[in-house]
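Undergrad: Take this structure, written in C-alpha cells, and hold onto it; I'll ask about it next.
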C-alpha cells in the first residue's frame, strides 16, 4: 500500500469508529476486508488511527469525521500544503482532493486554545486534570498524546537484564534498561517481534509497563499475598519474582484470569485463583493489593478511546466501585498487614481523595505510604498507597 492508500484506510476505520464501533474491532473489520494489506500496512494504518484518537481534540478542527482527523494528522506529519495535497490526490487509492476549506485548516495561524484542543480530552476531564496535577497538567496531557513505549519485565529468577537484552537481540529486538524499575527494559526497536521471541516464549521477559513494575517492586514483603483485582495477573506475577510469598489471585470477573495459568507456568510460579467466598475463608493475608477499576487516565496513550468514552456518570460509578472494593478487601488483611490501593489514574478524586475517605470512615486505618507515578517519568501514570492499622494490643 502507498502512504496515501494507508490514509484512505485510516479514514475508513475512523468513520466506523465514529459510528460506534470499537477501534480495535473497526481495525479488524478493515483487515478482513483488505487481504492485500501486509503486516507493515496493517501496522501503519493502526498507528495513524491511534494517533488520531490520541489527538482527536486538536485534530477535530475540520469536524469530527475520519477524513477531517486524517487530514490534520497528515498536516502534523508534513511541513507544507503541497506535501499534504500530494497525499490527497484522488488518484488510485488515495483520498479525494483537498478543497479550499481543508487546505486553509492545515496550518492555522492561530490554533484553537479550547481545553479540548489543548489537552486532547473532553473539557471536563481537562479541568479534572488541572485540579489533580496543577502546573504539570498541560505537559501530562501532551505526553498522553504520544505513542506509549513498550516495556518488558525481566524475570530475574530466570536470568539477568543483560541475558534478556542479548537473547532479544538474537530475534531482532533491541532493548535497553529503564530507570523506573530494576527489572525494566524499554524496547527501542522492533517491539512487534517481542511476542514471538525466545526471551518471551521462555518466560525470561513479560510485557509490563515500567511504572507498574516499580509499583510491584516496592510492595512490602509478605508470607501470603492476595491480588484482589488481578485481571491478567501481571502484578501478582511481578511480585512473585523475587518474593517467597504464597500467591493468590482474585477478580470480580473471573474470565479476566483465563491467561494467568499459562503465564504463571511460563514464569515458573504457582498462583492460586480464589473466588470471592474463598478469599474470605482463606483470609487473613499479609498483603492485599487492590489495583482497582479506574478511568485508566494514566494509560490513555495505550487506550485513547477511553478518554472520549468516559462520561460524568461512568466516572461517578467508578468512584463508588473503588470505595466498595476497599470495604470488601479491608477485612481480608491481617492485623499487622498492608492493604495496598492502586490505580492507573492521574486524577486526585480516584487516588488521594479515596484514601482520605477510607481512613475517615474506618477507625484505626491510616496511610503509611503513597506515591504518584507521572506519565512524564516515561511509564504510565499510576498511584499507590499503603493502608495499615495498629496490631491489636
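Just so it is clear, glycine is given a Cβ too, placed from its N, Cα and C backbone atoms.
I grabbed these lines from TrEMBL:
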- 140-393: domain 'SAM-dependent MTase RsmB/NOP-type' (DOMAIN)
- 251, 291: S-adenosyl-L-methionine binding site (BINDING)
- 344: active site, nucleophile (ACT_SITE)
Undergrad: Roughly where does the domain 'SAM-dependent MTase RsmB/NOP-type' (140-393) sit in mean pLDDT, to the nearest integer?
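TA: The average pLDDT of the model in the domain 'SAM-dependent MTase RsmB/NOP-type' (140-393) works out to 96.
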Undergrad: Under a three-state reduction of DSSP output, how is the residue listed as 'active site, nucleophile' classified: helix, strand, or coil?
TA: coil
Undergrad: In sequence order, what residues of the same chain, 6+ apart, have a Cβ less than 8 Å from the Cβ of the residue listed as 'active site, nucleophile'?
TA: 212, 291, 294, 296, 297, 298, 299, 380, 381, 382
Undergrad: Near residue 251 (S-adenosyl-L-methionine binding site), which residues of its own chain have a C-beta under 8 A away, given they sit six or more steps off in sequence?
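TA: Those within reach of residue 251 (S-adenosyl-L-methionine binding site), by Cβ under 8 Å and sequence separation of 6 or more, are 229, 230, 231, 257.
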Undergrad: Let me know how many other Cβ atoms fall within 10 Å of the Cβ of residue 291 (S-adenosyl-L-methionine binding site).
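TA: Residue 291 (S-adenosyl-L-methionine binding site): 24 neighbouring Cβ atoms within 10 Å.
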Undergrad: Return one of helix, strand or coil for residue 291 (S-adenosyl-L-methionine binding site), based on DSSP.
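TA: SS state of residue 291 (S-adenosyl-L-methionine binding site) = strand.
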